[in-house]
């Protein structure tokens, strides 16, 4: 009877294949054991240890089980991500098997009808089967808890103490409340004597403590008992509240209703009509009540009690269904008992849809793999949110790529500009850090994640899942270094002048880069013009042109022996021709249709060269002499010829195709247009 549970868990596994940060330690540990083996220096937990240490015993057991299959995967050169599926399938198999053992005991004690109802209820609920394949610390110990409860029901004392001790000492210390209540029940009703407890319990506890200290100290490279440090952190230091707090009754009005669905309403009736289940169900409720005193609450913390409460619901539904022929009221209640499974199913479908939007990091890394699948030696920086919402070592499928999760890199850091791709969180699309990132990287795609649930009373489906921009995929621009240099110059000049960056310009540029669906309706060509206008002003065009003029003057001076008769108009053409021969412009297809925004640039575009450059034909002798003298003075101040070449090389890297339509004008005219619009001499 465990196969249906296992297949549902597998469906959830393939529907939502990625993981969250709570699962990361065990998942990364399994990866490292499988792929790095005894090379502990490469293990992920040394670089990202987490808040508290966790045990390696669970990951070690799973790794040993699947290592032969993983070896075959490696030999066949199959995508490494399939190994993550294998990990989750193995964990789900452990949980399914132990759940089935408990089911057999329930069938023996309460009858086959109760076990069938228990199976149907569990299948139609969401969280238990959804979490079965997830490498949470709570799920790693769930098979031991189910075996302990099963042994307790069968009165197998030694097995109960062994499984309970392993659950508490190695994995989750809070289970001392739930399993301890079962132990107290045995002691109170003399099913277990104190002598038996001490005689078997103490050696078992010592053995388990030595086991976890020995194995985990080896992997962590220091002497430790992981679960003791976790207990100290959560209780004595009470640091768990740093990760959020919830009201005292949150488990009862939020977690349990979502986890058990409509089945929750049958729990009281099941306790009333079936006294035999009270010994196992009441301790589960008390465990939730006591655990509520800890301010930090998560649904996964109480997942062990779901099967116990479902047993009560199954007993209630079985009694209502068996009495369906006694009266009209009994018939109505039996229909409710059967119909509540449909309610559970509808809730499950809704929660599954929500869960699909909770892993933006996994979606982002998979999209990059598809976008750059043929690229070699790609470098990717993965920020915190991305790493916490889907990225694991199993998702690093290309061995010749570099995946960096350096937490210390911030927007504007020079090291960040060298990455080919960035996966970065979008906290605020108008934030200054986004402007810094866009100086060197361009947006490729925006990944959305769950935001909230909206209610639409006029819609056929009143509940709507709302998403928000969450992670941005950014690709390094070809001229990223040069753009960053001039961007920094722009910032420095503003700081030196005491002025601030124009907020409206920043918002315009970021709105362009972070447009989502129909937020922006302007055309690509105009958007690029507006985005690059401020950057072009910072390219020091005047310096480049003047440097080119002086270089040409020196060359002509050496040939003719004089520099008095300089034709400024001719030199302009020489520089334009030189740049035309050396600059490799890349064409960027844009929308060539006319648009209203181009009219805003009409005044600038109508500027003529006569307004900027004096013509030789209009000069008199006195002006010519004065120009010649000024030119001599400028030569003394000009930068070296090597500097001129360097500036020209930098200008060579600039992509101007976004500002000019190079299909309709040559580079000479394009440069003239740039000078007319952006350079003030």
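Any Cβ shown, glycine's included, is placed from N, Cα and C.
According to TrEMBL, the protein has these features:
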type     : residues : note
TRANSMEM : 56-76    : transmembrane segment
TRANSMEM : 111-130  : transmembrane segment
TRANSMEM : 160-185  : transmembrane segment
TRANSMEM : 197-219  : transmembrane segment
TRANSMEM : 248-271  : transmembrane segment
TRANSMEM : 277-294  : transmembrane segment
TRANSMEM : 301-321  : transmembrane segment
TRANSMEM : 333-354  : transmembrane segment
REGION   : 549-569  : region 'Disordered'
COMPBIAS : 549-558  : compositional bias 'Basic and acidic residues'
REGION   : 585-634  : region 'Disordered'
COMPBIAS : 591-608  : compositional bias 'Acidic residues'
### Query
Going along the chain, which residues at least six beyond the ends of the transmembrane segment (56-76) come within the CB cut-off of under 8 Å?
26, 29-30, 33-34, 82-83, 86-87, 90-91, 135, 137, 140-141, 170-171, 211-212, 215-216, 219-220
#### Entry: Contact check, the transmembrane segment (301-321) vs the transmembrane segment (111-130), 3+ Cβ pairs under 8 Å, seq sep 6+
yes
#### Entry: Whether the transmembrane segment (111-130) meets the transmembrane segment (277-294): three or more C-beta pairs under 8 angstroms
no
### Query
For the transmembrane segment (160-185) against the transmembrane segment (333-354), do we get 3 or more Cβ-Cβ pairs below 8 Å once near-sequence pairs (under 6 apart) are dropped?
no
